[in-house]
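Here the structure is laid out as C-alpha cells; the discussion comes afterwards.
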Amino acid sequence: PKVAEAMEIMLIAVVSPFIRCEWQLQDWQVALVTTMVFFGYMVFSIVLGLLADRYGRWKILLLSFLWAAYFSLLTSFAPSYIWFVFLRAMVGGGVSGHAQGMIIKTEFLPTKYRGYMLPLSQVFWLAGSLLIIGLASVVNPTIGWRWLIRIASIPGILLILVFKFIPESARYDVSTGNVAAALATLQRIAKMNGAAMPEGVLTEPPKERRGRFKDLIHPKYLRTTLQIWIIWLGIAFAYYGVILASAELLERDLVCGSATAPGQGSGGDSEESSSISSPCYCRLFGPSAYQTMIISTAGEIALNPLNILGINFLGRRLSLCITMGCTALFFLLLNICTSSTGMIGFLFMLRALVSANFNTIYIYTAEVYPTTMRALGMGTSGSLCRVGAMVAPFISQVLMSASFIGALCLFSSVCVICAISAITLPIETKGRALQVC
C-alpha cells in the first residue's frame, strides 16, 4: 500500500508544471490542486476510519484501493482543470483508506518488534516516490503526463489482485466476537512460519461500543487526542511544505549572491532557468530538476536507522521532540546563502527529518488508542494531518514567493509547537502492549 500511496501523493509534484502550461494556470490554481487532494483525504479519512472500526480493516482497505485506482485512471482523461481538481480530490479520498494497512500490521506485530518494523515501511514509501519521479523524467517529455497517471495507477491495481493473501486483523475479529475467524487467521500464519500455535483459547469478550467519536474526547484520552491532532497537522504541514517548496528553494539558490533577479533567468538552460513574463508561464522540469528531486527524496531513508534507535531507546515522545526541533532548525538554515550543493544538502536533511517525524507519530497513534477506536483515532488524526497538507501549498507556492524568510519562519514555528506538544504527551507507549478497551 505504501508504494501505491506514495505514487499517488507525489504525482501532483511532477505533473503540476505540465497542467499549469496546458490550462494556463496561475500559482494559486496550481496550489489548489494539491489542497483539494488533501481535502478529499481529510473528509474520507474520518468516514473510513469509523467504518473500519465497525466493519473491519480488510474490507475498507480493499474498498479504498478500488476507489483510488478507479478515479486515478479517470483523472488521466480529465478534459479541463475543474474536472482534474475534482477527480484528484476523489483519489485523495481513496488513498486515505490505505492507513488501514498500517493498522492491520500494527495489530499483528508483537510489542517488542513494532518500534523496529513499522519505520521500515518508510522504505516502500521511498520506493514509490523515487519510482514516480523516475517515470516522470521519462514519460512526461515523451508521451505526456496523462500516460504518467495511467502508469502510476498500475501498482494499486496489482495490489487489488493479491488482496486474498492479506488477512483481516485477528485482534479486530476477536474484539467483534468472531473468535473462529481470528483463530483461523492465526493458524494460517503459524503454518506459513512453520511454528506451532501456543496453547490456550481466545477468550476476549466482544465490545459492543465501537468506533465512537466521543470516545476520542473522553477525559481519559482528551489531552492525548488534542496534542496528537496538533502534531499530525504540523508534521504534514512541514512534510508537504518541503516537497512543494523544493522548486522555489532551488530557484532562489540560482540567484543567491548574483545580480540576477528571480524570473529573469541566470544564463543557463532556458527550459530550466527562465520563464515567460506572464501570470500563466510554462516552466517545465528539465533533467537536473528530476535529479535534484531524486536526491532530496532519497533523504527520507537517511535517518531511518537513527530514528529506529531513538524510538526504541529514547521512547516515542522524546524521539519525536528531537526530530521536530531539528526540523525547525533546518527550515531556518534554508535562508543561508549557499551553493547549489549546500541547498540540496539542506533539502536532503529536511526530507530525512520530516520522514522520521511521520514514522514516529504513526507508531505512537496506533499504539496509544485501544482496538475498539484505533482506526477512528488514526482516521481523525489523518484528517487533521490533511488540514496541514491543504495549507502547505499556499505557503510553499504563494507566500514563499512574496516573503521567503516569512514562510520559513512560519514552518519553523509550527515545528517548535509540535516539538513541545510531543514531549508533553501524557502517555509514553514504548514497551506498552496494545490496549483492548
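Counting starts with 1 at the first residue shown.
Backbone N, Cα and C atoms are what each Cβ position is placed from, and that goes for glycine too.
The domain 'Major facilitator superfamily (MFS) profile' feature in TrEMBL is assigned to 1-430. Here TrEMBL flags 28-51, 60-86, 123-140, 147-166, 226-245, 402-425 as transmembrane segment.
Using a Cβ-Cβ cut-off under 8 Å and counting only residues 6 or more beyond its ends in the same chain, the transmembrane segment (123-140) has close neighbours at 2-7, 10-11, 14-15, 18, 147-148, 151-152, 155, 284-285, 287, 290, 293-294, 297-298, 300-301, 304, 355. Long-range contacts of the transmembrane segment (402-425) within the same chain, counting only residues at least 6 positions beyond its ends with a Cβ under 8 Å from a Cβ of the stretch, are 224, 227-228, 230-231, 234-235, 237-238, 241, 245, 252, 316-318, 320-322, 324-325, 327-329, 331-332, 334-335, 357, 364, 388, 395-396. Among 28-51, 147-166, 226-245, 147-166 has the largest number of CB pairs under 8 A with the transmembrane segment (60-86). Sequence-distant contacts of the transmembrane segment (147-166), counting only residues of its own chain at least 6 positions beyond either end whose CB sits under 8 Å from a CB of the stretch, comprise 1, 3-4, 7-8, 11, 14-15, 58, 61-62, 65-66, 68-69, 72-73, 75-76, 101, 104, 128, 132, 135-136, 139-140. This prediction places the mean pLDDT of the domain 'Major facilitator superfamily (MFS) profile' (1-430) at 80.
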